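> One structure, pasted below without further comment.
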Amino acid sequence: FKGGDTCEYLLSSGRFLGEKVWQPHSCMMHKYKNSEAKNCLIDKHIVFIGDSRIRQLFYSFIKLINPQVKEEGNKHGNIPFEDKSASIKVDFLWYPEVNGSMRQRIKSWTEGSVAKPHIIVAGAATWSIKIHNGSNEALTQYKINITSIAPLLEKLAKSSDVYWVLQDPVYEDMLSESRKMITNEKIDAYNEAAVRILNSSSRNSKAKVKVFSVSKLIAQETIMKSADGLHLPESSRDTNAMILMNVYCNKIMKPIDGSCCQPQPPLTLIQKLAFCFFTLSIIGYLIINLIHRNNYRKNKSCTDLESGEEKKPAISTPNVSTLEMLLHSFCKLGLIMTYFYLCDRANLFMKENKFYTHSSFFIPIVYILVLGVFYTENTKETKVLNREQTDEWKGWMQLVILIYHISGASTFLPVYMHIRVLVAAYLFQTGYGHFSYFWIKGDFGVYRVCQVLFRLNFLVVVLCIVMDRPYQFYYFVPLVTVWFMIIYATLAIWPQIVQKKANGNCLWHFGLLLKLICLLTCIYFLSYSQGAFEKIFSFWPLSKCFELNGNVYEWWFRWKLDRYVVFYGMLFAFIYLALQKHQMISEGKGDPLFSNRVSNVLLFISIVSFLTYSIWASSCKNKTECNELHPSVSVVQILAFILIRNIPGYVRSVYSSFFAWFGKISLELFICQYHIWLAADTKGILVLIPGYPMFNVLVSTFIFVCVAHEISQITNDLAQIVVPKDNSTLLKRLLCIAGFFSGLLLFSAMQDQSRH
């Protein structure tokens, strides 16, 4: 750890991921689009001054603003560029040698009457080596000239961004006869002189010329692909231009996936209040703990001085009070949230970009599947989708999704489409599980609703406060929360139809089907009426929950992507429970679900359907078109998997305890990964141990899983306290929670006003 200035790392160090992706040491580079580049550089004047290598960098830079630019014009002359729509001026000035002419041009910018460029990129040396045949006298003159230019550049650095580009190595075997004197030994000598002289007079000053040395590292890897041994291939030039854009623009645009050169965000009012709350909780818990320890010592068994016999304490160790449990939970949570903040908001730990390879995704998948098979145990019950089986299903799906995220596999469309099915399967289980509970139990009480809402949303609400992120940012939790409320409303609205009532009169089954048809109609209408959907969720305070970047489009997109699958889950639960009630399926241990003939036919159809979907998903060419079909067809693979997993009795009777363990904390794993396993809000990877990628993943994964498990326990403990079974106490708690959220909305509004 050398401090928070990641700009220094960006300009001086890094490595290639694969052949073309450059990874700066310790931070993440954002890939700027033309519109973003224009927004950053609006009303700016940029000057590139130097030789043909600087001209190459100039062209790569202006192509980030306008990709249609062609490399035309006088190669040994000045080249202007202007984007009138954004008032951007970029000039290349031909000064192939560091000499009096270059000094005069730079000096003109230091005089008061001339407008100074906002960015100056300079560099030259190879022409001096070539013209003077690599003589030592030329190097001595170069040192003298750069010494005279250095104070002028340092003066400009007080008001402008000034970069000196060090000379890239050459590929000596490919150099033409007229360039044979340009050797890497000579280039190193010129670079050493430039680095030693620049900034020598402003060693302790903030105004420094930034030395652009990373280009050397990039060239060392790619100069072999050069056309003439001197000039870099286009991909390397583009990388240098993107680095230059990140150095200047990240602090202005603040992209989430561009952590290089970004300052640490200031603490908001809500974050400060959260910090005070957790600090008081830790202090309060320590005080209570000390009081209990002192009481325990006083009541500890002691020796009677008269008889010499040991006395037993009159008072036994007291039970943990509600207040102590509350403070203990918030104490642990406060320490965990500090770790979250340090990982993804403070510039303490490093962050790196993701880079996808097939091996980085598929090898871990095979590894965890083998582990899961080794931990096979018998289930306590053999019903379809029993508790152990659904936990196992959630567990392996969550592990696959985690590997998908850390490996950056979203860039590979077949993998993306299969992961979309796993997300849909989670929502299918939401529909199946909540429908089954309400249908069988008939419990529509407030206690049940509050328990579910608390367990789903507690961690996300805390993270919204601590990490200063909107609720919709953690999109999966709003999704399952809204669908739970839709399921509840569908079944709780009059007439309340439950299994006990329907058993007395078969007509109630048709009434329930009518309710489900109405639900399907509403879903269909909202999915094709974006305006109506956005109006519903744009009302305050709903808008505070579902807006992201000032609109609810992201929420509409997420909801629409899996709009039918919860309905399919409810319908499947209804059909399954009806078949179970009429004893049309066999769920004994080792028994097939249906008769042997029917089971074999259904199993064959399921396997064919499962493989057919996979073939279709693997042949997808366009993400938008496949996403349009996904809501209607994803259920095919989900149902196929359920039948394959449950029709054979011996398969239904076993489960993987390894996957089931992860399934019990799947929600916490999904949310925690945003900040303490991945980084920059899932855009990158957290680096706790730099230089050792595999060891880093092992350590960060271990901490991540432990934290997720601990948060799951904290949530369960707090759910018992915050959501009591007694209705009058629960009503008081709900009023307190309403007051808390009202205060949160008020502080949030104050923050928004201060930002604007």
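The backbone N, Cα and C atoms fix where each Cβ goes, glycine too.
So TrEMBL lists these for the protein:
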| type | residues | note |
| --- | --- | --- |
| DOMAIN | 22-92 | domain 'NXPE C-terminal' |
| DOMAIN | 253-734 | domain 'Cas1p 10 TM acyl transferase' |
| TRANSMEM | 269-291 | transmembrane segment |
| TRANSMEM | 355-375 | transmembrane segment |
| TRANSMEM | 395-416 | transmembrane segment |
| TRANSMEM | 423-440 | transmembrane segment |
| TRANSMEM | 446-466 | transmembrane segment |
| TRANSMEM | 473-495 | transmembrane segment |
| TRANSMEM | 507-526 | transmembrane segment |
| TRANSMEM | 561-579 | transmembrane segment |
| TRANSMEM | 599-617 | transmembrane segment |
| TRANSMEM | 659-680 | transmembrane segment |
| TRANSMEM | 692-711 | transmembrane segment |
| TRANSMEM | 731-750 | transmembrane segment |
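For the listed features, I'd like the structural context: burial, neighbours, distances.
Per-residue pLDDT, averaged along the domain 'NXPE C-terminal' (22-92), amounts to 94 for this model.
Here the transmembrane segment (355-375) has Cβ contacts under 8 Å with residues 17-18, 21, 23, 396, 399-400, 403-404, 407-409, 411-412, 415, 656-659 of the same chain, all six or more residues outside its ends.
Away from its own ends, the transmembrane segment (395-416) comes close to residues 354-358, 360-361, 364-365, 368-369, 372, 422-423, 425-426, 617-621, 623, 626, 656, 658-664, 666, 669-670, 673, 677-678, 682, 685, 697 of its chain (Cβ-Cβ under 8 Å, at least six residues beyond either end).
Residues 270-271, 274, 333, 337, 340-341, 434, 437, 473-474, 477, 480-481, 484, 488, 667-668, 671-672, 674-675, 711, 715-716, 718-719, 722-723, 725, 727, 730, 734, 744 of the same chain lie 6 or more positions beyond the ends of the transmembrane segment (446-466) yet place their CB under 8 Å from a CB of it.
Among residues of the same chain six or more beyond the transmembrane segment (473-495), those with a C-beta under 8 A of the stretch's C-beta atoms are 423, 426-427, 430-431, 434-435, 438-439, 444, 449, 452-453, 456-457, 460, 463-464, 511, 515-516, 519, 545-546, 548, 554-555, 558-559, 562, 566, 570, 667, 670-671, 674, 681.
Beyond the transmembrane segment (507-526), the same-chain residues lying 6 or more positions past its ends with a Cβ under 8 Å from any Cβ of the stretch are 486, 490-491, 493, 495, 497, 501, 532-533, 536, 563-564, 567, 570-571, 574, 578.
Under 8 Å from some Cβ of the transmembrane segment (599-617) lie the Cβ atoms of residues 414, 417-418, 421, 592-593, 626, 633, 636-637, 639-641, 643-644, 647-648, all in the same chain and six or more residues away from its ends.
Note on the transmembrane segment (659-680): residues 28, 256-257, 259, 339-340, 343-344, 349, 351-352, 372, 375, 388, 390-399, 401-402, 405-406, 455-456, 459-460, 463, 467, 474, 476-477, 686-687, 700-701, 703-705, 707-709, 711-712, 715 of its chain, located 6 or more positions outside it, place their CB under 8 angstroms from a CB of the stretch.
Sequence-distant contacts of the transmembrane segment (692-711), counting only residues of its own chain at least 6 positions beyond either end whose CB sits under 8 Å from a CB of the stretch, comprise 332-333, 336, 339, 406, 459, 665, 668-669, 672-673, 676-677, 686.
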> So, taking each listed stretch (423-440, 561-579, 731-750) in turn and counting its Cβ pairs to the transmembrane segment (269-291) that are under 8 angstroms, which one gives the highest count?
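So the stretch in question is 731-750.
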> Can you tell me how the residues of the domain 'NXPE C-terminal' (22-92) break down into helix, strand and coil by DSSP?
22 helix, 19 strand, 30 coil
> Within the same chain, where does the transmembrane segment (423-440) have neighbours whose Cβ lies under 8 angstroms from its own Cβ atoms, ignoring anything closer than 6 residues to its ends? I mean 6 or more beyond.
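Residues 385, 390, 393-394, 397, 401, 448, 452, 476, 479-480, 483-484, 487-488, 491-492, 498-499, 562, 565-570, 572-574, 577, 630, 634-635, 638, 641.
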> Mind checking which residues reach the transmembrane segment (731-750)? Cβ under 8 Å, same chain, six or more beyond either end.
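Contacts of the transmembrane segment (731-750) (Cβ under 8 Å, skipping residues fewer than 6 from its ends): 269-270, 273, 446, 450, 465, 541, 544, 722-724.
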